[in-house]
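**Q** The structure follows.
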Amino acid sequence: MGRFISVSFGLLVVFLSLSGTEAAFCCPSGWSAYDQNCYKVFTEEMNWADAEKFCTEQHKGSHLLSLHNIAEADFVLKKTLAMLKDGVIWMGLNDVWNECNWGWTDGAKLDYKAWNEGTNCFVFKIAKNHWSHMDCSSTHNFVCKFRV
């Protein structure tokens, strides 16, 4: 009996140590995990406001995509490039509610920039891996994101 408990405990320790090598969080079905965030590509085309509203309805804390470094941009690029015909997706970056005061819809700090000045809303041009101003009423695909 003692040997059985010892072996069982040993197997439990091995299992727990191996499970630590996997992601420490799980995203819902259909969402992809990266750096403590979950992402989902939507192939529907919507204007910026409708896409942001749609994202907020998908999961608690979900908003249009925010990008904080080139590694995250590359992750999104790889997830979206093959799926989307025009290679342009809405981002949560805007100054819709406060002119000239750019911010992410998820409230995150604007700590990474890759654009030239222009209109109120932004798209991520995937094939070129850069951001561009876009009329907020135009329709595009989008990516929703939430922090785990």
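From the backbone N, Cα and C atoms, a Cβ is placed for every residue, glycine too.
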**Q** Which cysteine out of C38, C55, C100 is the one Swiss-Prot pairs with C144 in a disulfide?
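**A** So the cysteine paired with C144 in Swiss-Prot is C55.
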**Q** Say you check the Cα of C144 (disulfide bond) against those of the disulfide-bonded residues C27, C38, C121; which is nearest?
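**A** When the Cα distances are compared, C38 comes out closest.
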**Q** Kindly assign C136 (disulfide bond) to one of the three DSSP-derived states: helix, strand or coil.
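**A** The three-state answer is coil.
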**Q** Out of the disulfide-bonded residues listed (C27, C121, C136), which are within 10 Å of C55 (disulfide bond), Cα to Cα?
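**A** The disulfide-bonded residues close to C55 (disulfide bond) (Cα within 10 Å) - there are none.
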**Q** Can you give the mean pLDDT for the domain 'C-type lectin' (34-145), rounded to a whole number?
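**A** Averaged over the domain 'C-type lectin' (34-145), the predicted model reaches a pLDDT of 85.
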